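Record features, source TrEMBL:
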{"type": "DOMAIN", "residues": "1-256", "note": "domain 'Band 3 cytoplasmic'"}
{"type": "DOMAIN", "residues": "311-849", "note": "domain 'Bicarbonate transporter-like transmembrane'"}
{"type": "REGION", "residues": "109-131", "note": "region 'Disordered'"}
{"type": "REGION", "residues": "265-305", "note": "region 'Disordered'"}
{"type": "TRANSMEM", "residues": "342-362", "note": "transmembrane segment"}
{"type": "TRANSMEM", "residues": "374-403", "note": "transmembrane segment"}
{"type": "TRANSMEM", "residues": "423-441", "note": "transmembrane segment"}
{"type": "TRANSMEM", "residues": "453-471", "note": "transmembrane segment"}
{"type": "TRANSMEM", "residues": "561-579", "note": "transmembrane segment"}
{"type": "TRANSMEM", "residues": "599-617", "note": "transmembrane segment"}
{"type": "TRANSMEM", "residues": "637-665", "note": "transmembrane segment"}
{"type": "TRANSMEM", "residues": "686-711", "note": "transmembrane segment"}
{"type": "TRANSMEM", "residues": "747-766", "note": "transmembrane segment"}
{"type": "TRANSMEM", "residues": "773-792", "note": "transmembrane segment"}
{"type": "TRANSMEM", "residues": "819-836", "note": "transmembrane segment"}
Amino acid sequence: RWIKFEEKVEDGGERWSAPHIPALPLHSLFQLRTCLQKGTVLLDLDADSFKEIIDKVLSGHPEEAELQPALRERLAALLLLQPRHQPTKSLLQLLAELALSPCRGIPPGILPGPPARGKKAKGRSEPRAQLSKMPLKEQLRNRFRKKVPPGAEAAHVAVGEVEFLEKPFTAFIRLRHGVSLGSLAEVALPSRFLFILLGPPKVKAYQEVGRAMATLLMDELFQRAARQAEHREDLISGMETFLDELIVLPPGKWDPSARIPPPSSLPSLCRRTAVNPPEQQPHGKGAMAAAGDRASPGHPRSGEELERTGRLFGGLLRDIRRKAPWYGSDFSDALHPQCLSAVLYIYLATVTNAITFGGMLGDATANMQGVLESFLGTAFAGFVFCLFSGQPLTILSSTGPVLVFERLLFSFSQDHSLDYLEFRLWIGLWVAFFGMVLVATEASHLVRHFTRFTEEGFCALISLIFIYDSLKKMLSLADAFPVNWQYRLDNVTSYSCTCNLSSPGEPKSCRWVGSRRLLPQDPTANLLPGQTVEEAGLSRTQCLDQGGHLLGSSCQYVPDVTLLSFLLFGGTFLSCAALKRFRSSRYFPAGVRKVVSDFAVILAILTSCAVDATLGLETPKLLVPSELKPTNPVRGWIIVPFGANPWWVCLVSAVPAVLVTILIFMDQQITAVILNRREYKLQKGAGFHLDLLCVSLLMVVTSVTGLPWYVSATVISLAHMESLRKESETSAPGEHPEFLGIREQRLTGLAVFVLMGVSVFLAPVLKHIPMPVLYGVFLHMGVAALNSIQLLERVRLLLIPAKHQPDLPYLRHVPLRRVHLFTVIQLLCLALLWVLKSTTAAIIFPVMV
């Protein structure tokens, strides 16, 4: 049988082989051409049943005079016999038959005789009944049906050897309309083409001709020719086109019995019909030339989103008109289980990011902005952006460059005796004003000048920041939970921890051994009636609460916590990566693999949390604020614009606001360009001007309320996109599921930020999630984003000898030394950006981008 590739019934008759590319003898194609030239060809035949088709074929045969009535009857009776189909059985069916086979006395499913006919040359043996006019229940219940794409039609190839024929009998039939031919096909499908070849015994010739016919019918170009053919010559012409593309493998250089597995991707029909062959196309996936890069299909430069209208706010109005018709579907398209997985995944990533940046903001600004402000700001800004933006798949978050600016601004305010929040308010208002000017003047059209060089450098930098921060947080656990590197098993008796409660007037101390307290004085002193020495042991917290202090070499000895934290960190990262790739594994049915892949991150988190809860060690947990009040009690929720600073500060604030505007514009628009690449097959269009307007207006609100500033987060947004990938539900055996695009909607983002807002009330549940697990998710997002860019692929080429390098499109057209030079320059620029962001010069980071 064929859908896209060939499958054969194995010799045992129990199962179908793996799909493979059919290898045809060249002579069989020439024989097939002879059959089409000399045999019966009936085009647009009107018939409602297989019997009617056979009657018209036999009556219309050019050598009808040579076919005696008895011979025609024998041929009709032979062709109308019921074929024996090879069912696709589940594992439970096979096990049941295996258990019952001793009772039957024969091995289950063994069919005597070679195959002779079926759906696309599928076998039958010694037919026992006439062909049924209605589909059989086995056809209707066949599990193979779900592999057939919707709207498919069947073609039948019947070949065989018969003793009573002296010359081959050949017929090619195309029905005018698809007709159900009863129990002829393996599954109940309308049939369109039939090919019949019967003749006297001839060693294997007919089978190979039948395979050649089936392979031709699976070729898209020949199938088009066969559907449009009006005469026999049109079929011959379609076959000649097939032969023109044929590539012959020399004998003796390969094993003809080997089955060639299907490739990961096939050339499109457009490329096959193009005038220029694919090898002569100047720009592949990774063309190095600047012109080719600007025209590459990965960039949204040719669309109307970035064309100037020449009117004030013209681009903004066009964005609104483009997105308005899709607004209703932005909610209805989210009604899919995959969106639930995306919400949980991105929510946990956003919570971790908010806690991380909130803690760093608190350290940098003396808690003028802390974890609670980060939670509330993320929830509010993200919700508003997802509700009104042009690209709602974008996730807003605090970013590293903004954090660096906040740190520098706070230090400047402290050094010059300025009120930090009031100064920051005026900067935010100026940034919002400059953003409105950029929207009005359609400055977003400058995005069309961003090339692969800039996009990859920026995306790689943000990805490396995620990887670096996750590893840095894990290494800091060695400080909070230090490992006793001097531990020796032989010296175990000398390790202890003493709680010293002595005071100058009353010397007294207690010693801990495990959880028991040993008193050097009377062990029963100060005990309640009936209380023992063991029950009076003080914990570490009790000792410190009573004014004592800890003495001993084992007081800080907690190596198990550090070890388990690293195991949870690495286990979560590896589980996320493995479960994401589970979709393409060989285990379990396709539906199970798809669900596991969609919920990969959630399953990894739940598994790691279960391991942590089972072991019961006190690993660091996720802690969220439980009260709605500012982190620093000195400040309020509304920042007053006047009073604390001199009047001229509102004017001077325009200078640093220019730098922040550049930073916000570059960070926002580069992320938007990456998310709106054509390779993601987005259908609802982008909204560069509308997105920038939303970010600018949010700057006003977050500045007035003293909340952090927010901009598009590249890595989390890419993770959001990847979690919403759509693939074809049905795929032929051997064919990889086709990427259909992204599930474009607003509901997942809105749900994420609503959950962020109510996280304060979910603290009792969230406190059971270990932080190392979330750091593992951070590492997974950084590595996944890094793997999505071509830069990493070209870095690997630096380490691979030329003869072992993969056959990449750009290596066919660009000299290898030019590729390496491009990569080295990109790495040097990336290193420069990393050094800049790590020093006090980070304020010029956006200019360097």
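Cβ coordinates are placed from backbone N, Cα and C, and glycine is handled just like the others.
Unlike curated records, TrEMBL annotations are generated automatically.
Among residues of the same chain six or more beyond the transmembrane segment (637-665), those with a C-beta under 8 A of the stretch's C-beta atoms are 401-402, 405, 409, 418-419, 421-431, 434-435, 438, 443, 630, 692, 695, 699, 703-706, 709, 711, 843-847. Under 8 Å from some Cβ of the transmembrane segment (342-362) lie the Cβ atoms of residues 369-375, 378, 382, 395, 397-398, 403, 406, 469, 473, 601-602, 605, 622-624, 631, 708, 713, 716, 719-720, 723-724, 748-749, 751-753, 755-756, 759, 766, 769, 771, 774-775, 777-778, 781, all in the same chain and six or more residues away from its ends.
Between the transmembrane segment (561-579) and the transmembrane segment (773-792), three or more CB pairs separated by 6 or more residues in sequence fall under 8 Å, so the two stretches touch. Among residues of the same chain six or more beyond the transmembrane segment (747-766), those with a C-beta under 8 A of the stretch's C-beta atoms are 330-331, 334, 339, 342-343, 346-347, 350-351, 354, 372, 375-376, 378-380, 382-383, 385-387, 392-395, 622-628, 720, 724. Across the residues of the domain 'Band 3 cytoplasmic' (1-256), the predicted structure has a mean pLDDT of 78. The transmembrane segment (686-711) shares the most Cβ pairs under 8 Å with 374-403, out of the stretches 374-403, 423-441, 599-617, 773-792. Among the recorded stretches 374-403, 423-441, 819-836, the one sharing the largest number of Cβ pairs closer than 8 Å with the transmembrane segment (453-471) is 819-836.
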